[in-house]
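Read the structure below first, then the notes.
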Amino acid sequence: GTFALYSLICRYARVGLIPSQQAEDRDVSNFQLELPSNRLRRASKLKSKLENSQFAKFFLLIITMLGTSMVIGDGVLTPCISVLSAVGGIKEATSAMTEDRIVWISTAILICLFMVQRFGTDKVGYSFAPIICVWFSLIGGIGVYNFIKFDPTVIKAINPKYIVDYFKRNKKDAWVSLGGVVLAITGTEALFADVGHFTVRSIQISMCSVTYPALIMAYTGQASFLRKHQSLVSDTFFKSIPHSLYWPMFVVAVAAAIIASQAMISGTFSIIQQSLSLGCFPRVKIVHTSAKYEGQVYIPEVNYLLMIACVGVTLGFRTTEKIGNAYGIAVVFVMTLTSSLLVLIMIMIWKTDILLVVAYVVIIGSIEFVYLSSVLYKFDQGGYLPLAFAAALMTVMYVWNNVYRKKYNFELEHKLSLERVKDIASDTNLCRIPGLALFYSELVQGIPPIFEHYVANIQALHSVLVFVSIKSLPISKVPAEERFLFRRVEPKELNVFRCVVRYGYTDIRNKVEPLEQTLVEKLKEFITENIYLAHIIDGKKGKEDENGVMNGEEWQERVVSETSMVEKAWEGGVVHLIGENEVIASKGSGIGKRLLIDYAYNFMKKNLRQSEEIFDIPHKRMLKVGMTYEL
């Protein structure tokens with residue numbers, strides 16, 4: 001949720017800290033924002049303040065990182081609490097089942113769950129919906145049964161007078177109990193992520209017609225059961241199940257816990273995939289586990305780290321009570337951050353009436369603040385866990401993003417001028433060899449300094465050279481026909497081009513979409529369009545041949561000549577040139593900067609995936625060019 005909202009703000013205002021925006025980005029069809037025309041002044045004022053304040057840009061990025069880290073923390077806590085609580089129900093069947101055995105069984109299930117992630121959810125996904133439907137039917141049906149059997153008068157709780165009396169009677173204890181109450185709505189913070197896979201209408205229908213009624217019936221039935229069995233409050237769920245339904249309910253509960261865990265683990269992979277596009281997460285390999293559903297991804301490194309964290313939390317905490325305290329903090333934090341970003345969007349993008357914005361802040365904000373203060377009260381009882389996870393993840397994200405920005409700005413400041421590129425390419429000592437060279441760089445505006453370093457050492461250039469920049473736009477998808485943006489480096493005889501390959505933060509970038517072949521096809525299209533436009537412009541300027549007629553054959557010959565030149569270069573062999581930049585802190589840097597760049601960043605860089613693995617570049621046709629940047 002926070003990531004999607006931050007991306008929406010980045011689309012509207014220049015608050016991104018990496019200066020890679022281009023005017024052409026707004027031409028992408030998905031980029032356009034439909035805006036109401038009134039209340040523009042307030043929106044423009046806020047936009048201007050955000051764009052001109054470096055602090056505001058940093059703050060927005062930091063709270064987005066915090067929200068993202070908290071949801072990833074959810075990905076650790078959800079499997080632990082779900083599986084542990086479901087397996088804990090076996091105590092009802094046998095007294096021989098000790099706490100130690102429950103913990104070890106839960107650990108075994110969690111390890112199995114993470115080990116099968118590599119196969120994706122495509123194969124078993126079809127069983128998820130029926131199991132969840134059976135789960136909701138059972139908890140709803142048992143709730144109605146308990147409500148009728150034990151105490152139907154609990155329906156009086158609908159009257160708000162009772163909650164007022166509850167707070168009057170219990171005061172501080174009532175406020176503290178809200179930390180437990182919030183666990184009834186955990187999972188709803190993931191609804192925003194579900195919008196990426198389902199329509200808003202389908203979520204509204206399933207939530208309002210299945211999930212919400214089933215939960216209300218379940219909790220009402222448990223309240224009715226507790227009116228007669230007040231001593232059983234710690235094990236209400238399994239104690240309130242009719243004896244004949246115990247084993248079916250136990251099996252479905254464990255299956256539902258595994259599905260809930262799977263949903264959160266998949267969500268964590270998706271969030272990290274999207275964080276990569278912000279330059280906020282170290283390079284990791286994204287594996288697409290389904291040819292049919294593009295959103296299903298698997299990240300090997302993250303999977304094993306999540307598994308170690310889950311097993312550690314389960315063995316360390318052992319009970320659901322402390323994990324519940326931690327879970328509550330993660331959930332309410334994510335909700336509060338989402339609401340905060342939403343206020344900015346209401347004012348700046350949706351241009352909502354100021355009275356509605358104030359009402360939203362007062363009503364929703366005050367409710368979330370009360371819940372947040374309650375869950376933070378249990379900080380020392382396990383509540384520190386998600387904040388510790390978030391702190392560790394934010395440190396990783398901040399270090400990577402900070403050095404990534406410094407490196408980008410270094411390249412921007414030292415980029416080669418077009419005159420310098422012309423001088424290099426037209427150097428008589430430079431040998432032009434047949435073939436197509438794709439020179440990868442993160443720099444979008446211009447030619448990176450590493451190119452000059454390469455030419456100085458190799459003294460040879462391929463017949464066609466394309467500088468390729470992979471760029472992420474703050475939108476979920478870029479249509480395939482709008483993905484490539486080409487520019488020609490003059491003079492034309494050099495056959496040097498710049499290409500920006502634009503992706504949305506959920507787009508696939510690997511073997512599924514052959515980049516090399518598509519790039520060559522799009523380059524030929526660009527050359528054809530370019531020559532055709534030049535022909536049209538010449539016609540409008542009145543440039544005619546001796547017969548006084550526009551020469552159509554000439555431009556067609558040029559098209560054939562230049563496109564065949566690209567085709568010939570491609571057939572001659574493609575070489576992928578990758579700029580591998582070593583970064584070190586410049587002389588005289590403080591100890592903080594040296595720790596950040598020389599140790600923290602370089603440690604992550606050396607221990608994670610290299611560029612060629614991220615873009616699946618064939619090793620036989622790859623050449624790495626090294627250069628050291630002093631930041």
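Heads up, the Cβ atoms here are built off N, Cα and C, so glycines get one too.
Automated prediction, rather than curation, is the source of TrEMBL annotations.
If you look up TrEMBL, you'll see 1-421 marked as domain 'K+ potassium transporter integral membrane'.
Annotation source TrEMBL lists transmembrane segment at 58-90 (among others).
The transmembrane segment feature in TrEMBL is assigned to 102-120 (among others).
The feature transmembrane segment is assigned by TrEMBL to 127-148 (among others).
Annotation comment: TrEMBL describes 174-193 (among others) as transmembrane segment.
Annotated transmembrane segment per TrEMBL: 205-225 (among others), in sequence order.
Sequence-distant contacts of the transmembrane segment (245-265) (same chain, at least 6 residues past either end, Cβ-Cβ under 8 Å): 74-75, 78-79, 82-83, 85-87, 89-90, 92-93, 109-110, 113-114, 117, 121, 128, 131-132, 134-135, 138, 142, 187, 190, 238, 303, 306. Annotated transmembrane segment per TrEMBL: 245-265 (among others), in sequence order.
Residues or ranges marked as transmembrane segment by TrEMBL: 302-320 (among others). With a threshold of 8 Å between CB atoms, the same-chain residues lying at least 6 positions outside the transmembrane segment (302-320) that come near it are 75-77, 79-81, 83-85, 88, 99, 103, 106-107, 110-111, 114-115, 117-118, 265, 268-269, 272, 284, 326, 382, 385, 389.
Residues or ranges marked as transmembrane segment by TrEMBL: 326-347 (among others).
Among the features that TrEMBL reports, transmembrane segment is placed at 354-377 (among others). If you look at the transmembrane segment (354-377), the same-chain residues 6 or more away from its ends with a CB under 8 A from one of its CBs are 39, 42, 175-179, 181-182, 325, 328-329, 332-333, 335-336, 339, 342-343, 346-347, 383.
What TrEMBL lists as transmembrane segment is 383-400 (among others).
The domain 'K+ potassium transporter C-terminal' annotation in TrEMBL covers 434-631.
Most Cβ pairs within less than 8 Å of the transmembrane segment (383-400), among stretches 58-90, 102-120, 127-148, 205-225, 326-347, belong to 58-90. Ranked by the number of CB pairs under 8 Å to the transmembrane segment (127-148), the listed stretches 58-90, 102-120, 205-225, 326-347 are led by 205-225. The stretch from 58-90, 102-120, 205-225 with the most CB pairs below 8 A to the transmembrane segment (326-347) is 58-90. When Cβ-Cβ distances below 8 Å are used as the criterion, the transmembrane segment (205-225) is approached by residues 133, 136-137, 139-147, 149-152, 154-155, 157, 184, 191, 232, 236-237, 239-240 of the same chain, each at least six residues removed from its ends. Sequence-distant neighbours of the transmembrane segment (102-120) (same chain, 6+ residues past either end, Cβ-Cβ under 8 Å): 79-80, 83-84, 87-88, 90-91, 254, 258, 261-262, 265, 287, 289-290, 296, 298, 300, 303-304, 306-307, 310-311, 314-315, 318.
Note on the domain 'K+ potassium transporter C-terminal' (434-631): its mean pLDDT in the predicted model is 78.
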